[in-house]
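Residues or ranges marked as N-linked glycosylation site by Swiss-Prot on the basis of sequence analysis: ASN88, ASN96, ASN119. If you look up Swiss-Prot, you'll see 1-45 marked as region 'Ball and chain'. Residues or ranges marked as topological domain 'Cytoplasmic' by Swiss-Prot: 1-46, 216-235. The topological domain 'Extracellular' annotation in Swiss-Prot covers 68-194 and is backed by sequence analysis. What Swiss-Prot records for 47-67, 195-215 is transmembrane segment, and it gives sequence analysis as the kind of evidence.
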Amino acid sequence: MFIWTSGRTSSSYRHDEKRNIYQKIRDHDLLDKRKTVTALKAGEDRAILLGLAMMVCSIMMYFLLGITLLRSYMQSVWTEESQCTLLNASITETFNCSFSCGPDCWKLSQYPCLQVYVNLTSSGEKLLLYHTEETIKINQKCSYIPKCGKNFEESMSLVNVVMENFRKYQHFSCYSDPEGNQKSVILTKLYSSNVLFHSLFWPTCMMAGGVAIVAMVKLTQYLSLLCERIQRINR
């Protein structure tokens, strides 16, 4: 009797010991799984924040481009590319300007005014040529305005080089107003469609990247929940 009881006790002890070992293994697996889930959750949160930050930055870039580049592009009326032939290029007069010489320091100087008249091939009109749209805003009498500096001789030398280039290449492309309201043409568009495309390309890529990151994280979370439900059903 004593021997039988001792054997039973020993067997029960071994069974309890095995169960304790299995329980420890299971607890360890659950702990590892929780750690893995926590790490994945933190990584997913960071990925979502990165995607949202990319989208916010792209929206801010769209806003800045919209009030600067896109606005100037839409306001420009010189949209038709044409051919111009030089009629006359000459320095007519000088104008006063001011340049910065340091913090809260401005000095007066002068720049020569170059006037270039061209013949617009499509209409045969004699029109004044401007370098860019900004040239008209600075001084409507000058086709080309050099940067204001303290050395007038350098400005004069630069304008002479530009004038000689016009006389050398008398046939060139220019941009005119297709409506004919502006009696002038420009040589170079500051904001062409090509510049506009390249300026909007990178914010669009950033927006697409942010949306893709958020979508992939959400898809991963959905598939994870779906797999968990399937495993529960199979059990």
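Glycine residues also receive a Cβ, built from the backbone N, Cα and C atoms like all the rest.
Feature map: Swiss-Prot annotations on the structure.
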residue: ASN88; record: N-linked glycosylation site; DSSP (3 states): strand
residue: ASN96; record: N-linked glycosylation site; DSSP (3 states): strand
residue: ASN119; record: N-linked glycosylation site; DSSP (3 states): strand
With Cβ-Cβ distances below 8 Å as the criterion, list the same-chain residues six or more beyond the ends of the topological domain 'Cytoplasmic' (216-235) that contact it, or say none.
44, 47-48, 51
Alpha-carbon distance [ASN88 (N-linked glycosylation site); ASN96 (N-linked glycosylation site)] in Å
24
Greatest C-beta neighbour count within 10 angstroms, which of the glycosylation sites ASN88, ASN96, ASN119:
ASN119
